Amino acid sequence: MKQTVWNHLKLCPQGDPAQTIDDAAIAVENGRIVWLGAVRELPAQYAAWPREDLGGAWVTPGLVDCHTHLVYGGQRADEFAQRLAGVSYEEIAKQGGGIVSTVRATRAADEASLFAQSAARLEAMLAEGVTAIEIKSGYGLDLQSERKMLRVARQLGERYPVKVYTTFLGAHALPPEFASRADDYIDEVCEGMLPALADEGLVDAVDVFCERIGFSLEQSERVFNAAARHGLPVKMHAEQLSNAGGTALAARYGALSADHLEFLDEAGVAAMKEAGTVAVLLPGAYYFIRETQLPPVELLRRYGVPIAISTDSNPGTSPATSLPLMMNMATTLFRMTVPEVLRGVTCHAAQALGKADTHGTLAVGRAADFAVWSVQSLAELAYWIGRPLCERVVRGGETVHLRHAR
């Protein structure tokens with residue numbers, strides 16, 4: 001039985017800078033919080049427990065990265081350079097680039113190689129305070145390769161101190177072998193891939209890219225119905241490049257989240273509010289593709305729709321691994337406030353995964369998953385650009401990352 005009191009810390013237990021405790025303590029037993037509050041109020045029963053003094057550092061819940069494509073083969077830096085030189089995305093795609101190049105690299109990689117590439121990205125996220133993450137498939141686009149991606153995601157969760165939730169995104173793009181046969185491919189997604197992967201226990205949720213360059217409303221609904229048959233929650237890449245009406249469909253199916261949302265309208269916002277669907281904003285992708293259409297943050301505020309922030313870590317449109325950087329981008333590009341972005345990477349991000357009861361806040365009975373920050377103010381988490389701020393990451397009461405480890 002391991003018992004520890006983490007003391008002399010500034011505590012932000014709910015991801016809300018308005019609700020903090022100065023000179024706080026957290027009592028942890030067997031990986032779970034049994035008490036938290038001001039040091040001066042520490043109950044006598046914990047007084048003799050071993051102490052870890054954090055020297056007045058800020059402590060927040062472990063960060064939650066709720067939308068990533070972390071597992072993939074290769075990278076697309078050369079295409080990035082081509083775009084900067086004036087080559088269009090369409091021209092790159094005709095040359096065999098774009099998402100097809102990532103599909104090709106992912107299909108070619110064996111599990112060990114895919115694991116090694118993805119582990120490096122996960123290690124970078126852990127070092128910046130992440131204790132829970134969602135990882136999507138969607139760069140395999142056939143049963144064997146989608147299975148491989150999801151198996152690697154599961155292995156990452158088993159071998160690293162980060163909780164991994166998997167999402168099947170077979171309906172991400174049309175693979176070359178199904179060119180001009182989108183309906184046939186959706187048949188394969190719904191009747192071939194999803195049943196097999198769900199039966200193997202590799203899928204926690206199902207996603208679809210509903211967009212003019214992705215899949216139609218009717219095709220997206222077929223994927224959602226297939227997910228329902230397997231008892232799996234759904235989410236959607238929606239309204240990123242146009243207002244295709246995907247958000248209303250996602251809300252009708254009680255989606256955990258709708259993500260991107262640059263072209264979301266008020267009707268879609270109202271539908272999300274009624275359904276309890278979280279808005280996941282992805283400032284890295286907005287920045288990287290030089291989008292100019294801002295997501296309707298003010299409408300989301302007005303309707304009280306929870307807003308999460310995520311890296312969208314992927315090789316094509318957001319090669320990012322830093323949630324604090326996304327916090328900065330969300331404040332500067334999307335005009336969000338510090339409290340909004342802090343909630344966006346903690347409690348609201350957990351809600352976007354359907355895991356608000358286990359992640360994103362610190363409370364008695366919860367796992368002791370938290371990040372320790374070398375800052376004077378929580379605003380610094382969104383203020384500094386490229387500066388390492390996370391001193392320590394604790395998962396289940398154990399230190400799993402220490403920036404100045406000796």
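A Cβ is built for glycine as well, from the same backbone N, Cα and C atoms used for every other residue.
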Legend entry - Identity of the 4-imidazolone-5-propanoate-site residue among H8, H172, H359 (reference: R76, Y139, Q240, T317, source: Swiss-Prot): H172
Legend entry - Listed co-binder of Fe(3+) (same site as H67, H69, D312, source Swiss-Prot) among H237, H348: H237
Inset, instruction - For D312 (Fe(3+) binding site) and Y139 (4-imidazolone-5-propanoate binding site), determine the Cα separation and express it in whole Å. - result: 14
Inset, instruction - Ten-angstrom check, please: count other Cβ atoms within 10 Å of the Cβ of R76 (4-imidazolone-5-propanoate binding site), all chains counted. - result: 22
Legend entry - Output field, N-formimidoyl-L-glutamate shell: CB within 8 Å of site CB centroid, site Y139, N314, G316 dropped: H69, Y72, R76, I99, T102, G138, P315, T317
Inset, instruction - Give the distance between the Cα atoms of H69 (Fe(3+) binding site) and G316 (N-formimidoyl-L-glutamate binding site), rounded to the nearest whole Å. - result: 10
Legend entry - Cβ contacts of H67 (Fe(3+) binding site) (under 8 Å, same chain, 6 or more positions away): E134, K136, S257, D259, V280, L282, A308, S310, T311, D312, A352
